[in-house]
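Read the structure below first, then the notes.
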């Protein structure tokens, strides 16, 4: 619950910025500056970023991250592109003040329980990518992995990138199990490695190529995730 309330605290203190500059994706620059310090000095987590330049491209793209817990929200700020927004499940829009702040920061909400609405939201996101020159961050697993292994990928992020003809930038975050486990009520000081992989072009690809593209990127992310987790001695069940 600590992580949940910490997220609400951050949403509260950054809400005024969203009111001053509503729907501006560059509002996230404040978070990407503050959060690394909070992660290190409040949460006690050291984050090592590798090849971070791969996520600092000055063009539209889809950033992909593996999903483990609410702690991800703090870790991903270490590699956050300047004009990036997140796609979130719609239920979070009604969590006050988080939903209000996220909306004012330009985040896009989708109703995963309604296929038509979700598809419409993704199409809107594709238009936002190019029209506003933004990046979009997504968790291709669609939900948190709770057993230490990367789950099968949903195809939404890949359909989005192919439809908009923008690259995908995969990034992997090492396993948290050495220091954080919600089930065991464990949260100690620890270290995380974030590795940003080179961009993968979608130029010339069609929706028929999405399945192969999804597997290609998932394989590269699984390999990277296992490597950085092993470096820190994390045992994947």
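Keep in mind that glycine also has a Cβ here, set from the backbone N, Cα and C atoms.
The signal peptide feature in TrEMBL is assigned to 1-22. Sequence-distant contacts of the signal peptide (1-22), counting only residues of its own chain at least 6 positions beyond either end whose CB sits under 8 Å from a CB of the stretch, comprise 30-31, 35, 38, 43, 69-71, 73, 95, 97-98, 100-105, 187.
Annotated domain 'Phospholipid/glycerol acyltransferase' per TrEMBL: 61-176, in sequence order. Note on the domain 'Phospholipid/glycerol acyltransferase' (61-176): DSSP counts are 46 helix, 23 strand, 47 coil.
Feature annotation from TrEMBL assigns transmembrane segment to 92-110.
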